[in-house]
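Feature annotations, courtesy of Swiss-Prot:
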type: ACT_SITE; residues: K22; note: active site
type: BINDING; residues: P102, A103, A104, A105, G106, I107, G108, G109, G110, S111, S112; note: ATP binding site
type: ACT_SITE; residues: D139; note: active site
Amino acid sequence: MSPPTEGRAPGSRPIAGFAPAKINLTLHVTGQRGDGYHLLDSLVVFADIGDRLVLDPDAALGLTVSGPRAAGVPTGPENLILKAAAHLGAVRGAIHLEKHLPAAAGIGGGSSDAATALRLHAQAMGRALPDDGAALGADVPVCLRGKATRMSGIGEALTPVAGLPPLPAVLVNPGVDVPTPAVFRGLRQKENPPMPADLPGFATPTDCARWLATQRNDLEPPARAAAPVIDSVLAEIAGDPDCLLARMSGSGATCFGLFETPAQAQAAAETLSTRHPDWWVAPTVLR
């Protein structure tokens, strides 16, 4: 699915936005602050699949949801989309969310939706984007960028990353919720080395995958302990002969596999979907 063109039409016609999946290619936990927040060093990229949002600026403030992953999505004030509207002080504007990404899956679906809602409401109100998006969640600032970024601190330190080729990939979620707080509690070592100060450039996905294999997702071991099905997901992805790297994203349970070509990723996705029709499987390109 390709992102729709964003922009406000003349008058008060609806404004469309795209909320891509966020993927942590690496996630190094480097410490923990006195207030409990964990310090991270993560290479973040975004998929070409995601949720779609449409804002009707003149309608009453509200949220409706449809789509293949709509079940269980709250439409009350606890939803980050409505929290984003409140954060900007919006008093009007109905958003319809077409939900394609699994929730609580380690791919930033809620944060990406919130970031897109901020953009749409800010555009409708003629306002600049706020610089305190982190008040809605640690992943919201990087989702506002929506491009390859090195994210550090508690998510507030963002550095653009150049020299990263498009990465054909398969995303797989087994349909198991892995609560993020439980994963962090299961982390045995909370002071781990960061990525190198200077990230290398890569000519091909294979070059990138080789380097990524020397890095980590420190949340993967505790997530696998909390949800052993992640072991099976990673084994299935890595078992494809064309897979360059298999790793978990974020705090799980979504995992990804990297491939050299989109055709290889598509073929792997078809095989995985056939073997596990109950899993969410999606080929994509990460950028």
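Residue 1 is the first one shown; counting continues down the chain.
In case you wondered, yes, glycine gets a Cβ from its N, Cα and C as well.
What Swiss-Prot annotates, mapped onto the structure for a quick look.
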residue : record           : DSSP (3 states)
K22     : active site      : strand
P102    : ATP binding site : coil
G108    : ATP binding site : coil
D139    : active site      : coil
Can you give me the Cα-Cα distance between D139 (active site) and G108 (ATP binding site) in Å, rounded to a whole number?
7
Show, in sequence order, which residues other than P102, A103, A104, A105, G106, I107, G108, G109, G110, S111, S112 on the same chain lie with their Cβ within 8 Å of the centre of the Cβ atoms of the ATP site.
A21, K22, L101, G250, T254
Intrachain C-beta neighbours of G108 (ATP binding site), sequence separation six or more, cut-off 8 angstroms:
A21, K22, D139, C143, G250
Would you count the other CB atoms within 10 A of the CB of K22 (active site), including those on all shown protein chains?
28
Starting from the Cβ of D139 (active site), draw a 10 Å sphere and report how many other Cβ atoms land inside it.
25
Can you count the other CB atoms that lie within 10 A of the CB of G106 (ATP binding site)?
29
In sequence order, what residues of the same chain, 6+ apart, have a Cβ less than 8 Å from the Cβ of P102 (ATP binding site)?
R69, G109, N173, G175, T254, W280
